Structures are given as structure tokens and as C-alpha cells.
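J.: Swiss-Prot feature annotations, pasted as is:
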- His185, His189, His195: Zn(2+) binding site (BINDING)
- 341-354: repeat 'Hemolysin-type calcium-binding 1' (REPEAT)
- Gly343, Gly345, Asp347, Gly360, Ala362, Asp365: Ca(2+) 3 binding site (BINDING)
- Asn352, Val354, Asn356, Gly369, Leu371, Asp374: Ca(2+) 4 binding site (BINDING)
- 355-367: repeat 'Hemolysin-type calcium-binding 2' (REPEAT)
- Gly361, Gly363, Asp365, Gly378, Ala380, Asp383: Ca(2+) 5 binding site (BINDING)
- 368-385: repeat 'Hemolysin-type calcium-binding 3' (REPEAT)
- Gly379, Gly381, Asp383, Asp409: Ca(2+) 7 binding site (BINDING)
- Asp455, Ser457, Asp459, His461, Asp463: Ca(2+) 8 binding site (BINDING)
Amino acid sequence: MSSNSLALKGRSDAYTQVDNFLHAYARGGDELVNGHPSYTVDQAAEQILREQASWQKAPGDSVLTLSYSFLTKPNDFFNTPWKYVSDIYSLGKFSAFSAQQQAQAKLSLQSWSDVTNIHFVDAGQGDQGDLTFGNFSSSVGGAAFAFLPDVPDALKGQSWYLINSSYSANVNPANGNYGRQTLTHEIGHTLGLSHPGDYNAGEGDPTYADATYAEDTRAYSVMSYWEEQNTGQDFKGAYSSAPLLDDIAAIQKLYGANLTTRTGDTVYGFNSNTERDFYSATSSSSKLVFSVWDAGGNDTLDFSGFSQNQKINLNEKALSDVGGLKGNVSIAAGVTVENAIGGSGSDLLIGNDVANVLKGGAGNDILYGGLGADQLWGGAGADTFVYGDIAESSAAAPDTLRDFVSGQDKIDLSGLDAFVNGGLVLQYVDAFAGKAGQAILSYDAASKAGSLAIDFSGDAHADFAINLIGQATQADIVV
């Protein structure tokens, strides 16, 4: 029996990195952020819906059906807007949506119907759609404007987009640019979503100081005016093309969650099978900005094509730092994503409460599976597998470290309360003898399988266990 023991050293840097990112972008509570109260996702959704405007489903229908069309000529509102809205005097010159605008508008509509129970039907050209689209040239309405569903029928469903010699962002909307973001934003208005705060383009000179709550930024809502940097994120010039975390929560409060969307095994990022441009990475320079809505299956965030150091968090309502951006990927409330794949940088991967598959890839990665019997691959490089609670790899449902390399990889137990606050000292033995803190390291050379088992309760049974493909030594265990 070995009598070697490892003395308490305090929480490691790897554990601290995990703990810090688990609490990064935290929301709610009583503290002010940037001088504003912090809202939870649910509070933000209620704020976005404060006007209580919505379309009504037909009696007995579980799905709202709305038609849409692209105007080919000015309608009555365009010709005499002052009859309907006193602060709009002239919209200038009308122009119909181009083929590019129409195609991108349809993608924006699709992104809304993916997350909620709305079915959009193409009514063709003209003004016969419930929702209509057109361009104007005067700057009186800002870059675009639209009407909530609580207005008179003469205005309901209309959205208008500025195109003139000094403003061209709406000419060529595309995934990740401001034109596509504008389409998704204005469609959100026509469906019942307001700005998160009481501001409008063309009404004074609003700034982030006018926000009602801290998370009123483009990191959380496509309906916001304010840059994501205000809340610590950075998209490096990219914009969301689809509803984000708070928008999804809001629209689902109005029309329900679409539980038919992506019910199979779905991959987001590289090797995406979503058939959605905003969920798909096509090169190492792709700038992803999205919030995952997924109704089932065994799903994966694949960021294997990026070389930057990434931080990936699989918990619902959490934000991740992906592809050199900060806080650019989130997971909507109620969504479970099972798996994550890192890139060639030194990544931090955080699992959730189900059985996750985490693959670090190249680089010196930190993997934290959380609860559930997780399958963890560190990949090439010196990797650290972090644990913060004995329940995260119980004897009944142990994690498996699939490619452990002794002398290079580490099993980090420094965050376990028994070591940090309980003063427990780890002692390696050949067999349990009823003393808390005893640990058994085993290895079978024929199968190349090893294990670590620890008795924390002193009942001569393992409370904590990890299976390994590879052999671990005492020097590989960090406490």
C-alpha cells in the first residue's frame, strides 16, 4: 500500500477559469450594471412585450398563419403617411424590394418561424399580405421602421426600409451584416416585439444611457439599438441575422415554442446540418452570432475550425466566446445541447447536467463536464479535466477520459469542497480501509484502461470515480 499523500494546495488556475466563466455574463440580482438594473431572460422578455401587441390565431389553431408580400407600388400609407402617423410627413421615393432583399427577408421570416408557432405563407407581389415590405428614400423614419400589431388595419404588418444615395445598408442584406439584422428587427416589430427600452430612431438622440436595463444590447436582443460592447461582448463588426436569447423567450411567450424545429441530431457551426446560414461556419474567418433553438435530438456545437482560444458553455441561457469573438453564441432557455468540439487553440469547454461529449481538439484545453456521465477527449496538447463536486463523476455514473496521457494531462480535483474547506488529504492505497480520503489508481495494460476511485465518506466504498483510456499516476492528480 502506498502511503503517499498530496497536501491541500488550494484551488487551481484551471478551476478558477471554469468557475469564472460559469459566472461570466451573469444576469439578474440587485446590483446595478453600467448604472442599469440587470434583468433575467424572463424579465427582459416581459419588457420587450410591454406593449402587449400580438396577432390572434384562428379559433382552434395552435399555429398562427400569416401571409407576406412585397409591394410593387406605393400603398395608401406611403402616399399620405401624415393621415396615419402625425410625425411622418413624407417618405420620399418608393422602390420595390430587389430579388436580394426578398430572398433575405424570407430567411429572416424563417428564423422567426423556427422558434415560435408562426407559419408564413408567400402571397406573392402586391399588398395582399398580412405583412408587407417596401423601400422609401426619405430619412424621416430612420434606417427602417415597422408597426406593431396593435395599430389600425391600414398600418398593421407594414415594414419599410431606407435606401438613398447616402444610406445603402438595406440594398444588399446578407448573413451577418446590418441589412439582414434590420430585416429581422423590423419583422420582430410586426409580430409584436418592441425595443427593449422606450426609444426610437428619429425621436431625439437616444443612447445606451436611455436603456431601461443593462442587457438591452445586441448581445441579447436583435430588437436592441445598442452595441454588444456595452455588456462586455464583442462581435467584431458582425450582426445577428436571427432572433437572439431574449427575443426567442419573448416571441415564445406570445405564440408558443416551436417544438418541431430540429428534433434530430443537429450540428451547429462547422459541419452544420441546420440548413441555416447563421448557424453555419464555412471557414476559419467565419463570424458566428447566434442563439441556439433546438427541440430535441443529440446536438453538437462544432467549433473545430477555429484557431483562437475559445470558451464554450453548454448550459441553457449561457453565452460562449467563439472564433475570436466574445459572447457571440448563446443557448436559448429550455434548450439542451449535448456535445461540444473545440478548435486548435487552448479552449475551455463546459458541459451541462446531461451526459456530454466534450472534445478539446489541439491546444492545452480545460474540460469541465459537470453532472452526468460525460465522455471527455482532451485531444493533442496538455489538457486538464476539472471537477468541482463529487457528484460530477459518481461511482454509479462515472466520466470517461478517452485519451489521457500521463505526464501531460491532469485531473484537477482542487475545487472539491472536501479538499478546500474540509481539510481532507488524499491518500493512495491498494484497497479501501474505511478512511475518508483514500484513493485507488488502477490500470490494466492489456486493455489500456485505468481508473481513479476515491472514498470521501469513509465507508470503504468509492463516492467518486473516473474511468480512463490511458494510465494516470499520482503526479497527474491535482488537489
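Cβ atoms are placed via backbone N, Cα and C, with glycine included.
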J.: In whole Å, note down how far the CA of Asn352 (Ca(2+) 4 binding site) lies from the CA of His195 (Zn(2+) binding site).
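T.: Spelling it out, the Cα of His195 (Zn(2+) binding site) and the Cα of Asn352 (Ca(2+) 4 binding site) are 32 Å apart.
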J.: Taking all residues of the repeat 'Hemolysin-type calcium-binding 3' (368-385) together, what is their mean pLDDT?
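T.: Residues in the repeat 'Hemolysin-type calcium-binding 3' (368-385) carry a mean pLDDT of 99 in this prediction.
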J.: With DSSP as the reference, give the number of residues of the repeat 'Hemolysin-type calcium-binding 1' (341-354) in helix, strand and coil.
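T.: Taking each residue of the repeat 'Hemolysin-type calcium-binding 1' (341-354) in turn, the totals are 0 helix, 4 strand, 10 coil.
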J.: If you compare CA-to-CA distances from Asp383 (Ca(2+) 5 binding site) to each of the binding-site residues Asn352, Gly360, Asp409, His461, which comes out shortest?
T.: Asp409
J.: Which ones in the same chain are close to Gly369 (Ca(2+) 4 binding site), with CB under 8 Å and 6+ residues apart in sequence?
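T.: In sequence order, Gly351, Asn356, Leu358, Leu376, Phe385, Glu392, Ser393, Asp399 meet the Cβ cut-off.
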J.: To the nearest Å, how far is the Cα of Asp455 (Ca(2+) 8 binding site) from the Cα of Leu371 (Ca(2+) 4 binding site)?
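T.: With the alpha carbons as reference points, the distance is 19 Å.
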J.: Can you check which residue among the binding-site residues Asn356, Ser457 has the largest number of Cβ atoms within 10 Å of its own?
T.: Asn356
J.: Quick one: of the binding-site residues His189, Gly361, Ser457, which has its CA closest to the CA of Leu371 (Ca(2+) 4 binding site)?
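T.: Of the binding-site residues His189, Gly361, Ser457, Ser457 has its Cα closest to that of Leu371 (Ca(2+) 4 binding site).
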J.: Could you give the Cα-Cα distance between Ser457 (Ca(2+) 8 binding site) and Asp374 (Ca(2+) 4 binding site), in whole Å?
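T.: About 23 Å separate the Cα atoms of these two residues.
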J.: Would you list the other residues of this chain near Ca(2+) 7 - those whose C-beta lies within 8 angstroms of the C-beta centroid of Gly379, Gly381, Asp383, Asp409 - in sequence order?
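T.: My list of surrounding residues reads Gly360, Gly363, Asn364, Asp365, Gly378, Ala380, Ala382, Thr384, Asp403, Val405, Gln408.
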J.: Whole-number Å only: compute the distance from the Cα of His461 (Ca(2+) 8 binding site) to the Cα of Asp374 (Ca(2+) 4 binding site).
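T.: Between the alpha carbons of His461 (Ca(2+) 8 binding site) and Asp374 (Ca(2+) 4 binding site) there are 21 Å.
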J.: Binding-site residues Gly345, Asp347, Val354, Gly363, Asp463: which have a Cα within 10 Å of Gly379 (Ca(2+) 7 binding site)?
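T.: Neighbours among binding-site residues, in sequence order: Gly363.
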